[in-house]
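Engineer: Let me give you the structure first, and then I'll get to my questions.
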Amino acid sequence: MNRIYNERHIPVLLKEVVDNLVWKPDGVYVDCTVGEGGHTRAIAERILETGGRVIGIDVDSEVLQIAERNLETYPNVQLFKFSYVDLPVLLNLLQVHSVDGLLVDLGVSTYQLKGEGRGFSFNQDEPLDMRMNLENELTAHHVVNTYPEDRLADIIYNYGEERFARRIARSIVNSRPINTTRELVEAIRRALPYKEIHSRKRHFATKTFQAIRIEVNKELENLAKFLSFAPDLLTPGGRLAIISFHSLEDRLVKHTFKNDPRLEPIGDFVAPSMEELAENPRSRSAKLRVAKRV
Ligand code: SAM
């Protein structure tokens, strides 16, 4: 990996995750979205002396290399390039029949956003990519340049909650070919009224970029699939902890936790404290929900 990257991902709701997830000191836990390994490390640390272990997976082979470095001193951590959608396959290969806790930290890692050349960020001018798994075929370039206008508008409206979705979709179609993140930002700019561009709290391209990223990585489909089998991987009393950053994701998690007879929600959701928000503004839309296998 030769990309320029001088940042560090700050794990969100770290103490809250570990306190709620780790209930069995010698348990087996899976961090389904290891990223740079912040949550994995804190879980591994908590159970290091008591015989517990963590299996960490991520689809991004580059971010996994960072995790490997960050976690090399933890003998109770094993890392794999795997999608959480295929977790049952991995557990089968490892002959692990059930686990005591599963963590999913949705959204995008700082490496993906700030690492050079991944095409996730409207602040850098790069080829449009946005794949978390670099082996997948679907890229942001394909979505932006080939999807019909109506489909693009629906994606931007649903996944981005962008009320100017139709205008943006039309502008994208009229601006094709769009090869770089900057060209996409300009297509979005041309669609929005002047006031919207200057009055929004976040960058005017945030919602559209988020929507395209969710589409490229099939984030909602993957989460829905995972939620359908995850309870069966847990031992009785096992915990399922999910951090979401988007109302559609949170709705899916909340609905599953409430209605799946295999699960019992533990409390309401947990949001970042004022201190965490001040230290890590990226945490502002995070919601942690935890459920227990009955
Ligand atoms: N908790 C991590 C930490 O403390 O560094 C950060 C996780 S980051 C918000 C989300 C991660 O999920 C990204 O690294 C991304 O590549 C990964 N990811 C996305 N979809 C995935 C999937 N289907 N299976 C496994 N990992 C996935």
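Positions of Cβ are set from backbone N, Cα and C atoms, glycine also.
Note that this is a predicted model, so its numbers are computed, not measured.
Pulled these features from TrEMBL for this protein:
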| type | residues | note |
| --- | --- | --- |
| BINDING | GLY37, GLY38, HIS39, ASP58, TYR84, ASP105, GLN112 | S-adenosyl-L-methionine binding site |
Engineer: Rounded to whole angstrom, what's the largest C-alpha distance between any two of GLY37, GLY38, HIS39, ASP58, TYR84, ASP105, GLN112, listed as binding S-adenosyl-L-methionine?
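Structural biologist: Taking every pair of listed residues, the largest Cα separation comes to 18 Å.
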Engineer: Please list residues from the chain of GLN112 (S-adenosyl-L-methionine binding site) whose Cβ is under 8 angstroms from its Cβ, counting only those at least six apart in sequence.
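Structural biologist: Same-chain residues close to GLN112 (S-adenosyl-L-methionine binding site) (Cβ under 8 Å, separated by 6 or more) are ASP60, VAL63, ARG118, PHE120, MET132.
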Engineer: Name, in the order they occur in the sequence, the residues of the same chain whose CB lies under 8 A from the CB of HIS39 (S-adenosyl-L-methionine binding site) and which sit 6 or more residues away.
Structural biologist: PRO11, LEU14, VAL17, VAL18, ASP31, LEU103, ASP105
Engineer: With an 8 Å cut-off on Cβ-Cβ distance and a minimum sequence separation of at least 6, pull the same-chain contacts of TYR84 (S-adenosyl-L-methionine binding site), or say none.
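Structural biologist: TYR84 (S-adenosyl-L-methionine binding site) has long-range Cβ partners CYS32, THR33, ILE57, VAL104, ASN222, PHE226.
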Engineer: What are the sequence-distant neighbours of GLY38 (S-adenosyl-L-methionine binding site), meaning same chain, six or more residues apart, C-beta distance under 8 angstroms?
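Structural biologist: Set apart from GLY38 (S-adenosyl-L-methionine binding site) by at least 6 residues yet with Cβ under 8 Å, we have HIS9, ILE10, PRO11, LEU14, ASN70.
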Engineer: If H, G and I count as helix, E and B as strand, and all else as coil, what does DSSP give for GLY37 (S-adenosyl-L-methionine binding site)?
Structural biologist: coil
Engineer: Residues with Cβ closer than 8 Å to the Cβ of GLY37 (S-adenosyl-L-methionine binding site), same chain and 6+ apart in sequence?
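Structural biologist: Within the chain, GLY37 (S-adenosyl-L-methionine binding site) has Cβ neighbours under 8 Å at ASP31, GLY56, ILE66, ALA67, ASN70, LEU71, VAL77.
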